[in-house]
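In what follows, a single structure is set out as structure tokens and then discussed.
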Amino acid sequence: MTEKTHKTIEQAEQEGKYIRKVRSFVKREGRLTKGQERALTDHWQDMGLNHADGLIDAKSVFGNDNPVVLEIGFGMGKSLVEMAKAAPELNFIGVEVHKPGVGACISYAVEQEVKNLRVYEHDAIEILADCIPEKVLSTVQLFFPDPWHKKKHHKRRIVSLAFVETIRQKLKLDGVFHMATDWENYAECMLEDMQNSPGYENLSQTNDYVPRPESRPLTKFESRGHRLGHGVWDLQFKRVS
Ligand SMILES: C[S@@+](CC[C@H](N)C(=O)[O-])C[C@H]1O[C@@H](n2cnc3c(N)ncnc32)[C@H](O)[C@@H]1O
């Protein structure tokens, strides 16, 4: 996850290098619906960003200087599109590995005539390493990341000390890292990692969690959690150095 390489694992492997990498996802190939496929074919040129293009210049991507929000693991993208529609004064970049989700997100964004959203279909760890310059993001959103319930799988969780430090470097000063989870043990681990990471200030008045901000629509995963009777924990930390 933290290898200092600007190659993808696939490129490195082709060159005969073996890099052990624990990923936070298992690639599910899932079939694309006709609508998702059409959205990807017709609108990738306008809305898609490619890992292979390397570091981005947000101003030229969006054609303006508005603050940039990065969302990692947007699932089917419904709540991301809703947020982008509700905040035209912001620019949104979504990163998701699940192709049908990326297709669904683009399809919904087109339907909703959302113009301030771009998406990557790629591992967010590599996007952060290779495509996002330092100190450019006003917000990073990580909503309901896969909790990897079993202890032996905790190493797959995307949130780690190294990850939150990478996020800090990508945030502008005063930029906010916002996480939410419905898995209490993951919330506790997130809080511990954030408290042990210099350069962040907790925005919680109680020094732990924050109430769900109005700006975060209910996500698909969250609604499922509610039905199952799960609690939800939101964390917001500001970059202070
Ligand atoms: C549990 S789902 C939550 C989806 C959405 N945020 C929601 O609340 O409905 C987690 C999502 O993160 C994506 N994901 C996991 N690891 C990722 C990574 N390294 N880069 C990009 N997406 C990732 C998964 O494909 C999945 O869609």
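Each residue, glycine too, has its Cβ placed from N, Cα and C.
Just so it is clear, the model here is predicted, and its values are computed rather than measured.
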Have a look through ASP57, ASP65, ASP182 and flag the one TrEMBL assigns to the substrate site that LYS150, THR219, LYS220, PHE221, GLU222 belong to.
ASP182
As a check: which entries in GLU71, GLU96, LYS150, ASP182, the binding-site residues, place their Cβ less than 6 Å from an atom of ligand 1?
GLU96
For GLU71 (S-adenosyl-L-methionine binding site), just count the other CB atoms lying within 10 A of its CB, please.
26
From the Cα of ASP123 (S-adenosyl-L-methionine binding site) across to the Cα of THR219 (substrate binding site), what is the distance in angstrom?
20
